[in-house]
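Asker: Following this message is one structure expressed as structure tokens.
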Amino acid sequence: MGKFAKKLERAIRGYTFDDVLLIPQATEVEPKDVDVSTQITPNVKLNIPILSAAMDTVTEWEMAVAMAREGGLGVIHRNMSIEEQVEQVKRVKKAERFIVEDVITISPEETVDFALFLMEKHDIDGLPVVENEKVVGIISKKDIAAREGKLVKELMTKDVITVPENIEVEEALKIMIENRIDRLPVVDKEGRLIGLITMSDLVARKKYKNAVRDENGELLVAAAVSPFDIRRAIELDRAGADVIVVDTAHAHNLKAIKAMKEMRQKVDADFIVGNIANPKAVDDLTFADAVKVGIGPGSICTTRIVAGVGVPQITAIAMVADRAQEYGLYVIADGGIKYSGDIVKAIAAGADAVMLGNLLAGTKEAPGKEVIINGRKYKQYRGMGSLGAMMKGGAERYYQGGYMKTRKFVPEGVEGVVPYRGTVSEVLYQLVGGLKAGMGYVGARNIKELKEKGEFVIITSAGLRESHPHDIIITNEAPNYPLEK
């Protein structure tokens, strides 16, 4: 047998989500009692094992806020200027900040018309009134109603309650409730305004009990960068990004690895590198905190067809996870997940968390454009290797950044629409519910036990058909089993 024929002889068999099921085990575990929290880097623990993809139709600041509030993590895409991405990170960090530091204020000598202008411009309901850096009053929209032309000092509330900067959340809430006020100025020892506490922020903090926050009480957020854009990584790190995600189609590129090593030395944030599908890549990426697995499994990705390269996702996860375990690296499975059951399978195969694109692209918080087709609402969804995304700036992800000036792009993705699915909260509720159900069947109390106890059975195409609803016309669509994908 010749050397080329031997390639086929030693070829491994690859499996993806539809090729396997998990075998049910004897269990005392109830789905309601399982712990789905997971560690994805040394310093970042999520309360649900889900990240939103760094795609320009999936994750911007609104998605990142929603993900963090539900216990996951949003990765803000890089198909924008550095300044725009930095601002997006800052918006997430400010979304539930206990003490707002960049306070919009007004002078008592200004008109109420200008006060109203400031409130509408910044989407707020009230302003501290400041003179010589000291708080002399508070003015709100209800104070201004039908009072055009008057000065702020004539209508402001003058008896202002202030608090010191070391105040605790519960104490601030108690003061606001007892005094029936919505805003609490924070002052230093000299009485100068240094921040503001609002009732809306405190209510939000109490509402989202599963939220993931940093040591300052701010929501966690990640941001994507090119392996060659060190300046972007540094700026995002300074802006407060908790995780830098190096976002490239093929992270086992030696030039990229050299650049990533340099980048790693210049940022303090935790460091995730992707994407890979070969365990040998892990040997060269040990400087990372986690690796992201997936070459071509996504619904909008054509890499496997255009380039002929990839590894079926379950096999890729398992091979990479085995190697990553040797180095103490975390594993994120990126792409190919269609149902909640696929999340269970991905974790049982060795992943610590999954990254979702398609399943979140149809949500209210996703930045994709809404369209109506035959009376039904859809949202735009495209691969970062699609022609539109590459034209906007995503070509570098596929090592085609220099092509525009000399030739046409060679896309590795498509553009389309996905059905509107409601809010992120609604979608994640179903996905996490399915994960918990799967853990109950396997007898896993937590993510670690799911990885240890999960045992696979390989199924045939007949087994797959049997797994889906059959021999029935479905009249009522289930929220976790859409008829239209």
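For all residues, glycine too, the Cβ spot is worked out from N, Cα and C.
So Swiss-Prot lists these for the protein:
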{"type": "ACT_SITE", "residues": "Cys301", "note": "active site, thioimidate intermediate"}
{"type": "ACT_SITE", "residues": "Arg397", "note": "active site, proton acceptor"}
{"type": "BINDING", "residues": "Asp247, Gly294, Ile295, Gly296", "note": "NAD(+) binding site"}
{"type": "BINDING", "residues": "Gly296, Gly298, Cys301, Glu466, Ser467, His468", "note": "K(+) binding site"}
{"type": "BINDING", "residues": "Ser299, Asp334, Gly335, Gly336, Gly357, Asn358, Tyr381, Arg382, Gly383, Met384, Gly385, Glu412", "note": "IMP binding site"}
{"type": "DOMAIN", "residues": "99-154", "note": "domain 'CBS 1'"}
{"type": "DOMAIN", "residues": "156-215", "note": "domain 'CBS 2'"}
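Tell me about the setting of these features in this model.
Answerer: The Cβ of Cys301 (active site, thioimidate intermediate) lies under 8 Å from the Cβ of Gly335, Gly383, Gly385, Glu412, Gly413, each on the same chain and at least six residues away in sequence.
The local packing around Gly296 (NAD(+) binding site), expressed as other Cβ atoms within 10 Å of its Cβ over all shown chains, amounts to 26.
In this structure, His468 (K(+) binding site) belongs to neither helix nor strand by DSSP; it is coil.
If you draw a 10 Å sphere around the CB of Gly383 (IMP binding site), it holds 29 other CB atoms from the protein chains shown.
Residues in the domain 'CBS 1' (99-154) partition by DSSP class (helix H, G, I; strand E, B; coil) as 18 helix, 17 strand, 21 coil.
In the predicted structure, the domain 'CBS 2' (156-215) carries a mean pLDDT of 87.
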Asker: Fewest other C-beta atoms within 10 angstroms of its own C-beta: which of the binding-site residues Asp247, Glu466 fits that?
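Answerer: If we count Cβ atoms within 10 Å for the binding-site residues Asp247, Glu466, the smallest count is at Glu466.
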Asker: Which residues, in sequence order, are found in the same chain with Cβ within 8 Å of the centroid defined by the Cβ atoms of Asp247, Gly294, Ile295, Gly296 at the NAD(+) site, excluding those residues themselves?
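Answerer: Those within range, site residues removed, are Ala249, His250, Gly274, Asn275, Ile276, Ala277, Lys292, Val293, Pro297, Gly298, Cys301, Thr303, Gly310, Asp334, Gly335.
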Asker: Inside 10 Å of the Cβ of Ser467 (K(+) binding site), count up the other Cβ atoms and send me the figure.
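Answerer: Ser467 (K(+) binding site): 12 neighbouring Cβ atoms within 10 Å.
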Asker: Any idea what the Cα distance is from Ile295 (NAD(+) binding site) over to Tyr381 (IMP binding site), rounded to a whole Å?
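Answerer: Here the two Cα atoms lie 19 Å apart.
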